[in-house]
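K.L.:
Here's the feature list from TrEMBL:
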{"type": "REGION", "residues": "1-39", "note": "region 'Disordered'"}
{"type": "COMPBIAS", "residues": "1-17", "note": "compositional bias 'Polar residues'"}
{"type": "COMPBIAS", "residues": "30-39", "note": "compositional bias 'Polar residues'"}
{"type": "DOMAIN", "residues": "34-104", "note": "domain 'Amino acid permease N-terminal'"}
{"type": "REGION", "residues": "76-115", "note": "region 'Disordered'"}
{"type": "TRANSMEM", "residues": "117-138", "note": "transmembrane segment"}
{"type": "DOMAIN", "residues": "122-627", "note": "domain 'Amino acid permease/ SLC12A'"}
{"type": "TRANSMEM", "residues": "150-176", "note": "transmembrane segment"}
{"type": "TRANSMEM", "residues": "196-220", "note": "transmembrane segment"}
{"type": "TRANSMEM", "residues": "241-260", "note": "transmembrane segment"}
{"type": "TRANSMEM", "residues": "266-287", "note": "transmembrane segment"}
{"type": "TRANSMEM", "residues": "321-339", "note": "transmembrane segment"}
{"type": "TRANSMEM", "residues": "359-379", "note": "transmembrane segment"}
{"type": "TRANSMEM", "residues": "430-452", "note": "transmembrane segment"}
{"type": "TRANSMEM", "residues": "487-504", "note": "transmembrane segment"}
{"type": "TRANSMEM", "residues": "516-533", "note": "transmembrane segment"}
{"type": "TRANSMEM", "residues": "553-586", "note": "transmembrane segment"}
{"type": "DOMAIN", "residues": "636-787", "note": "domain 'SLC12A transporter C-terminal'"}
{"type": "REGION", "residues": "779-798", "note": "region 'Disordered'"}
{"type": "COMPBIAS", "residues": "784-798", "note": "compositional bias 'Low complexity'"}
{"type": "DOMAIN", "residues": "791-1012", "note": "domain 'SLC12A transporter C-terminal'"}
Amino acid sequence: MNLTTARSPFSVSSLSNGDDRKFSLGGCSSYDTDSVASRSSGVFSGYDTLDTPPSYDFYSNTEIFGRAKKSRPSLFQLHSNPQDDPSPPPLYEESSVDKQSPDEDEPTEPPPEPARFGWAQGVMIRCMLNIWGVILYLRLPWITAQAGIGLTWIIILVSSSITGITGLSTSAIATNGKVKGGGTYFLISRSLGPELGGSIGLIFAFANAVAVAMHTVGFAETVQALMQERDVSMVDKLNDIRIIGVITVTCLLAISMAGMEWESKAQVLFFFVIMVSFASYIVGTIIPATPEKQAKGFFSYRADIFAENFVPGWRGLEGSFFGMFSIFFPSATGILAGANISGDLKDPNVAIPRGTMLAIFWTTISYLIISATIGSCVLRDASGYINDTVSSLSGECLGVGCNYGWNFTECMTNKTCPFGLSNYYQSMSLVSAFAPLISAGIFGATLSSALACLVSAPKVFQCLCKDKLYPGIGFFGKGYGKNNEPLRSYLLAYIIAICFILIAELNTIAPIISNFFLCSYALINFSCFHASITNSPGWRPTFRFYSKWLSLLGAVVSVIIMFLLTWWAALIAIGIVIFLLGYVLYKKPDVNWGSSMQASSYNMALSQCVGLNQVEDHIKNYRPQCLVLSGPPCMRPSLVDFISTFTKNHSLMICANVITGGPSPGSVDSAKISTHLKWLDKRRIKSFYHTVVADDLHVGVQMLLQSTGLGRMKPNVLVMGFKKNWRKAQPNNIENYIGILHDAFDLQYGACVLRMKEGLDISRTMQAHVNLGFETSTEQALDTRSSTTTTSPTIDTSLDPEELMATSQPTTVFQTRQGKKTIDVYWLSDDGGLTLLLPYLLTRKKRWGRCKVRVFVGGEAQKVEDQKQELKALISRFRLGFQDVQVLPDINGKPQSEHIKRFEDLIAPYRVSSVQKDGQEADETTKDFSWMVSDEEMETFRAKSLRQIRLNEVIQDYSRDAALIIVTMPVGRRGACPSSLYMAWLEIVSRDLRPPVLLVRGNQENVLTMYCQ
């Protein structure tokens, strides 16, 4: 299509050549649209422009092999006039599939597709295997005997409710965007940020590695018990467990490192074994009991046994509800096993919610069924002796067994019954139709849990290594093969597991691991709650069946359970989390994941700023909130350091920069604040940074003065550097510089001008560009500028901002301690008290704390003592603590003639002596040059000029060795005082002074008060 000027600018004509896809707008140079439209469609969506229809490629961070990835055209490309840029940037940066000369290094075949798992094999089966464990087989019957069927169901349901709430929270987080590898760590860190995510990721990976040892030792103890029954032993009991454990975990490592496909097949095998053991158990409850089994307390389903076992029968020190709950709850954990391999799932957003919730449902049902069935079939106490029948024993008969012809009274009375739910942990084997299948189920449960933890730990740790939150762990993050397997992390987890297997005493470590898992549950629930409560637009989970208040309840209950299980282990877990959290907060890693913490910070800041609107300003709460015309902060570090000295942690500071020229991609790039904020942060300066693009400096500062700030958080003092080379600058630059001060006074700003003998601008050293409205590094560029042009001179771009950031930051005098020097304040005109307030704020800082403040004021020779006492009384009422007050009676004296001559030479290039500017005979063009000084103006302001000359002489006498000189800035009337004359006053007051000089002028409103209300 061609849009030509022959017709309407937007008329459409057909192509003469289908391959030549060009367009033009109103005769503008043509752009190639070959990469604009999708190659699958030959026409645009209803109109022929650079606009493209929505595409997946525009929002995706990944590329699909063999398909060109398109990019959305920029706003500049859509909005700008092509005539303004004869060589526009390419519309897209894409790699076409039909390149004429493909790169030899590029692969010609797609990379091998890694193994991916669905919701059933990848999540549900894995979670069920991790939830089922030794407690299911060896402790659930005993808990049923202790708490009764009723309370056991309550324990199961409460535990499942907690894990279910956590599952709902996990599902919500997992469906709020594309989930990558890293599992629990990835979910928490991308939701709450790197601080909590990093700490929980590290301890969660460690806990999984130690859990491998726990489950392996559980398997080894079962094998050793079977060996002991057959009088088989390798060394002794403890070493047999160690040997079996090491061999077992080595075999599990081999399965894991063989790849996720083999590991998943092994998990399916274990799942099959467990299901067969369950079937054997259920069949066994139906089969009529043999006399041998009846002697051990098994009678198949009986209503009176169910009624007897329905109520609690507490025994021993652990005989309480919370005691049983603490023992059972670890068996309900393991719901994160599927989420931990999120990188190996086909669709984590679907697999994690569906698989996790179904695993929680089915395992809960299995726990309830086993508790109810075994409580309906087996007595609490039985002797196991075939002769303990009612007919063979005389005397009283106790217990439900009497109804079925068995008398267990003797062992019940003596509490020596070896069988029954309360005494025999292998009750499920007793009930099962084929007892060895229960042992096989125990093996399958322990080995599957150990294998799941052995896979989870390296996967989580690999993601943590890649994020580089902690030093020295990046080595373990390297992946191998098509599945990106973290083999080094596997070996690390294997070594940790071996260490704890060799200890073979995990009774102390087990509670800590359970608390680490509960920490993860609490943080996952809190992540979901926090993301919901912040109302961030980015929180859009596709899983809707969750509640933020349920998530909060789950987080609180998880913490409570931590202390109910083992209070000291809970304190250890929380202590480790806090330590790791503090480390990440201190290091401040350079990551940005759009966490809910960022959204919460924004909400709190917005709420506080809006709340300030209801607070009226009061003198007692006045703070100098400074708008610092620093340009790029790294160019004037002394100015930035000085203002930061009294604003840090006290008041607002905004570094401002004006980029001259019209809006363009270059100016937009220059206005980016990230580099400058990094520089400020590295220098530990708490400041905002604001940039505007304007035609010239004066207009830009006007924009800053009127628009910078938010509500009551807006600047009230303008701070700028002294224009040291003003005599070599074009007069128009002087006019703009003084105009900025006039604009500040018109807008009720206070004003401060800092001058240092060596200057403020270090751009010559840094070889970078600065705004020409202040001092510049290229004086020649200023000389060649006409008074009416606004084009920028040649810029030395040998260092870009990123490289400038990498250079060592210069040290300034304001970064060092000032010692026992003086801060000399020349309070010659009352400006509301800002001249006194600034030195007081300085002395509150350590660097200036030992300095003595001396206040100098003008006075009359006859009333020196009276004026001194009056001023000291006033300052004492302000509670500033300034004791040294000196009255200068000679401040109004006549300056030396050579100093007057020097001032006249200073202003001579700007004099107009032949005519009067406002006279009838003045040339019309002369009226436009407001910076020129006539004889009449020189005479009008002669007294004020002499005062500035004399003030410089006094300062030279009194303050030659001061650490800082603060002087009340003279004020010139807009339109009456020429800008060059005003500039000469500022020059002559601060000339030839070694200490830094700060010229200060308040806005003539009180900033100090002597009252308490």
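Quick reminder: no glycine exception, Cβ is built from N, Cα and C everywhere.
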K.L.:
Sort out for me which stretch, of 117-138, 196-220, 266-287, 487-504, 553-586, has the most Cβ pairs below 8 angstroms to the transmembrane segment (516-533).
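P.N.:
Result: 553-586.
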K.L.:
Between the stretches 150-176, 321-339, 430-452, 487-504, 553-586, which wins on the count of C-beta pairs under 8 angstroms to the transmembrane segment (196-220)?
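P.N.:
Ranking 150-176, 321-339, 430-452, 487-504, 553-586 by Cβ pairs under 8 Å to the transmembrane segment (196-220) puts 487-504 first.
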K.L.:
Could you tell me whether the transmembrane segment (266-287) and the transmembrane segment (117-138) are in contact, taking contact to mean 3+ Cβ pairs under 8 Å with a sequence separation of 6 or more?
P.N.:
yes
K.L.:
Among 150-176, 266-287, 430-452, 487-504, 553-586, which stretch has the most Cβ pairs under 8 Å to the transmembrane segment (321-339)?
P.N.:
150-176
K.L.:
Going through 266-287, 430-452, 487-504, 553-586 one by one, which has the most CB pairs that fall under 8 Å from the transmembrane segment (150-176)?
P.N.:
553-586
K.L.:
How about the transmembrane segment (430-452) and the transmembrane segment (487-504): do they have 3 or more C-beta pairs under 8 A, pairs 6 or more apart in sequence?
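P.N.:
In this chain the transmembrane segment (430-452) does not contact the transmembrane segment (487-504) - fewer than 3 Cβ pairs sit under 8 Å.
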K.L.:
Six or more residues out from either end of the transmembrane segment (487-504), which same-chain residues have a Cβ under 8 Å from its Cβ atoms?
P.N.:
205-206, 208-210, 212-214, 216-217, 220, 238, 241-242, 245-246, 249-250, 253, 256-257, 454, 457-459, 461-462, 465, 475-478, 480
